[in-house]
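Below: one structure, written as structure tokens.
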2 protein chains.
Amino acid sequence: MTTQDAHARAQNTADAASTANTADATHTTGAIGSHKGYLDGPRADIRVPVRRVHLTNGQDVTLYDTSGPYTDPAVETDVRRGLAPLRENWIIQRGDTAEYTGREPRPEDDGLKHTSPRGGTLRGRGEEGDLRGLDAVFPGRPRQPRRAREGLSVTQLAYAKRGEITPEMEYVALRESLAPEYVRDEIAAGRAVLPANVNHPESEPMVIGKNFLVKVNANIGNSAVTSSIEEEVEKMTWATRWGADTVMDLSTGRNIHTTREWVLRNSPVPIGTVPLYQALEKVDGKAEELSWEVYKDTVVEQCEQGVDYMTVHAGVLLRYVPLTARRKTGIVSRGGSIMAAWCLAHHQESFLYEHFSELCEILRAYDVTFSLGDGLRPGSIADANDTAQMAELDTLGELNRIAKAHDVQTMIEGPGHVPMHKIKENVDRQQEICEEAPFYTLGPLTTDIAPAYDHITSGIGAAMIGWWGTAMLCYVTPKEHLGLPDRDDVKTGVITYKIAAHAADLAKGHPGAQHWDDALSDARFEFRWEDQFNLALDPDTARAYHDATLPAEPAKTAHFCSMCGPKFCSMKISQEIREQHGATMDEVEAGMAEKSKEFAAAGNRVYLPLAD
Amino acid sequence: MTTQDAHARAQNTADAASTANTADATHTTGAIGSHKGYLDGPRADIRVPVRRVHLTNGQDVTLYDTSGPYTDPAVETDVRRGLAPLRENWIIQRGDTAEYTGREPRPEDDGLKHTSPRGGTLRGRGEEGDLRGLDAVFPGRPRQPRRAREGLSVTQLAYAKRGEITPEMEYVALRESLAPEYVRDEIAAGRAVLPANVNHPESEPMVIGKNFLVKVNANIGNSAVTSSIEEEVEKMTWATRWGADTVMDLSTGRNIHTTREWVLRNSPVPIGTVPLYQALEKVDGKAEELSWEVYKDTVVEQCEQGVDYMTVHAGVLLRYVPLTARRKTGIVSRGGSIMAAWCLAHHQESFLYEHFSELCEILRAYDVTFSLGDGLRPGSIADANDTAQMAELDTLGELNRIAKAHDVQTMIEGPGHVPMHKIKENVDRQQEICEEAPFYTLGPLTTDIAPAYDHITSGIGAAMIGWWGTAMLCYVTPKEHLGLPDRDDVKTGVITYKIAAHAADLAKGHPGAQHWDDALSDARFEFRWEDQFNLALDPDTARAYHDATLPAEPAKTAHFCSMCGPKFCSMKISQEIREQHGATMDEVEAGMAEKSKEFAAAGNRVYLPLAD
């Protein structure tokens, strides 16, 4: 425990329940049902944030924390200045990177200086005023981009292969309660990635791999139709508050560059993107006008900004496109459909595939992690596990080997829509073909019939695929297939996927998982309602639901709730049985007859007065 | 197609989309995104209701329908008169039952004439006025109860064993698209139940068994703390509207008898109860004052009213109670904890176990189905699959054999809280020990950490256990562990469980399952938005979510949505690729080079004008 932590503890223990209760349920600052704590690392500048839930019985429960400095009352945050560059010294001290004069930002990076060739009334706010992007330029401190010195590999994979344990690895080892050497091994083997662009020093290191806690990604991003920069930054903070381990910025409208800058400078978690989306904006939405040059320019632009991982749909080969012709829902990956259109228009092999080695060289210079996209993932139950999907997976296996040879960290994306009985085959094949590289799946959705509830149709598949070895789950919100998620949808999506991830951790037998369930169940059995709320994945909603029927303060200590009422509370009866019949099996078994007499002598009181 | 159906069709086809859209999202009458239809059976009085979704492309999709006459505009319903006694003639024509003068209702059936021995301020509305129960007596037509003539077995199991195919079996065969003989076989073997009390002729026959569609139960019921009779009837109608196959009335406060009468007379689905709850009310909440006599009186009372299945916690034996002493959350089944308290207080074996054969005789006389309760089910991840739970399961296996020998239909209840990797063992053991009797599980919840989201923690487990052979899933609402579900919670719970059940049907490869997913995915790929909404499990919410960002009417025919906007809609690009490159694999493969030239000649137009 750090001094600051101890101090905070001393101040807060007494009134834990009440202070934990004060944060407004819509704020993005202030801890939720808990207090910010830090685990001290082997060096002073390694301090791993945790959520500490101070229980009313005096115990502490320590939980993984993705919410960044926003939940630390000792840190003042300002979205216009960005977060402190936590990792900057580690990166500088390695001495293998250098600052340089980066690519000059250009108006087209934000989709400006283009007149839309198409009419139509459905334009987003971003498209209305061409000056908006320039007005919104991130006002924080300027920073020159940094990249590897000529010929050097500056990736966590390269360090791990060389046997070096970086501060980032120390950090995640502490965060996951594992030995640093184990973390290094997993990264060196390509079984785990630690996405950490040298130009995103604000990020708190985290690791993605099947032998670690299952991670959750939340997507944000404005589209051409709706939403703004401020909303996206807010969504990022909101998503990490509820547990998102990484965030992908999938913006496709105007102001892509500027939105991303704001998001990166304020993000405590790794940020992922799909560079193809911005590249397509640069050629005014005409897929056939895409080229390696435009794409490469976009990748460099994003590497310099600090994007930590990039989805690259390099597995969509020309010869695979016809395999989708008989599908029920064709190609449902945006990137996949764009590349398919390009391949057919030119009747050429994908420029992403052709230039993949060159792309590796670029990503290596910044330690950007590949997320090899599954451009041919199934978009319906009917299309699951088909020839097109499996053909692409073979190519992703080939690309994974090339990337690893270039010291570039790599994960592999997966489906999509898959019925339950076809899920396991996806992980098993991916793990075999891609040499256990981390699998990163979207859901999968286990049925197509429930638009507006696809967080649930996919949460089912996500939990299962996580159990079977998927390392990170990409969330799905209730608005999937229907519209752009708002703040509430983001929260619902993240919470649903944290449930799936934790259920998977339990099923995998992760040693750091069940203590949370146990602490909550203890609180439930002992009617410590405040502890039950504060330990909940979403304390605000748990408390609100309880209070909806029993709002009065005495109900927070009552030995029942409105669900069953006082006479039918099984927990209460069970607790009384235990109190009156002995706490241990031996006592109960040995003294059963005796205890029964005592119970009768005590007036057979199964129900205590309400007031107790 | 019946004449009436054809008539309705002729009237409605033209304006299908608009009329389907008119029902108020909060109403309990009027069809949702569909039209009521009927499948004609082998005799005129067998007409199986279905939801017919008339698509804008002229096709029809037929879906299973649990909503009863409330969604048939040709039927006038009146909650004060109850539903028509659909099965009455079938029951009478069998000639093996007779009306008799039933047990006289007594004030204590509604928990009246008791002065509560305990003080306290947390009393429900029902407890305030003792006259309320009498005022609320169901005003519908009086009906004498009916039971088997002396010595006869009048259960669907007895008929099935004798080789008789009843109209009820014909009905469910049509409903499940299976041969009547197959239904009879499954029931005769005890692998399926058809809950149908002779005193609940209003119910539409349905079947529960692993070789049929997975079913969903919704719980309703007032508690001592909150809610009213009207609310419970409304919740029942609301739950069946969204797909509940059966409803359990778990009322525990005052007016239990009267509430149940209203629910039964208006319910198109089988109604289940836990008679122990009412029996406990009759002895003023003192578990040790329960007796076989009070319990038996309550069972007869409920048999006469028409309860279709009853949860009986006869497997909680005296010697099993100490096995729960070391548990994290003790006994979490209400019935289980009540019986455990009774056993310990008297230091006697459970009166339910001791009198089980006598109970079988009673249930057989009305064709009430046993739902053998798992009183020792785990209430936390820590307690899953423990000795107590498995010991009780052995006893349930014994009781199942006794019930079957008495010709009483039987299903077996299951957990509870179980991590994913321990779920399959539950079904496998239950199926082995209970000779494949239908398994009926509560969830299971796959983690304890998410109060307020336990519909999701349990929906995950429900889908999996359904896939592995559970026949009916008992829903869990967002209020589980926190309070009494309201109308919105009931809907969320039912929809979540319909997702789980359907995902299970897909995974089991049920031949009647995937056509629904396919129809919805076709509509999605072809941008038939209205069809997509109407085919959704919840058309109202799907439409509302779409309209939240793109409310204008043209957006209902747009080839994109606000999620990705027009340029990034993969479905649109994919569809255009298909249109321009040939619809079949052969064409595309054979003519790839040719098609590429054509594509270029057509101006490489991947994006069509917005106005198209």
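Just so it is clear, glycine is given a Cβ too, placed from its N, Cα and C backbone atoms.
Unlike curated records, TrEMBL annotations are generated automatically.
Substrate binds B:Asn219, B:Met248, B:Tyr277, B:His313, B:Ser333, B:Arg334, B:Gly335, B:Asp374, B:Gly375, B:Leu376, B:Arg377, B:Glu413 as TrEMBL records it, and from the list B:Tyr295, B:Tyr353, B:Tyr366, B:Tyr440 the residue named for this site is B:Tyr440. Taking Cβ-Cβ distances under 8 Å and a sequence gap of 6 or more within the same chain, the neighbours of B:His417 (Zn(2+) binding site) are B:Thr329, B:Pro378, B:Gly379, B:Ser380, B:Ile381, B:Asp383, B:Ala384, B:Gly443, B:Pro444, B:Leu445, B:Asp448. Cβ neighbour density within 10 Å is lowest for B:Gly335 among the binding-site residues B:Gly335, B:Gly375. Using a CB-CB cutoff of under 8 Å against chain A, none of the binding-site residues from B:Asn219, B:Arg377, B:Tyr440 qualifies.
Ranked by Cβ neighbours within 10 A across all protein chains shown, the binding-site residues B:Tyr277, B:Tyr440 are led by B:Tyr440.
Counting every protein chain shown, the Cβ of B:Arg377 (substrate binding site) has 27 other Cβ atoms within 10 Å. Assigned with DSSP, the residues of the domain 'ThiC-associated' (B:33-97) fall into helix, strand and coil as follows: 11 helix, 20 strand, 34 coil.
B:Arg377 (substrate binding site) carries neither a helix nor a strand DSSP state and counts as coil. The binding-site residues listed here are B:Asn219, B:Ser333; among them, B:Ser333 has the most other Cβ atoms within 10 Å of its own Cβ.
Over the domain 'ThiC-associated' (B:33-97), the average per-residue pLDDT in this prediction is 95. Secondary structure at B:Ser333 (substrate binding site), taken from DSSP and collapsed to helix, strand or coil, is coil. The maximum pairwise C-alpha distance among B:Asn219, B:Met248, B:Tyr277, B:His313, B:Ser333, B:Arg334, B:Gly335, B:Asp374, B:Gly375, B:Leu376, B:Arg377, B:Glu413, B:Tyr440, the residues recorded as binding substrate, is 20 Å. Under DSSP, B:Tyr277 (substrate binding site) is assigned to a helix (H, G or I) in the three-state scheme. Note: the Cα of B:Asn219 (substrate binding site) and the Cα of B:His481 (Zn(2+) binding site) are spaced 14 Å from each other.
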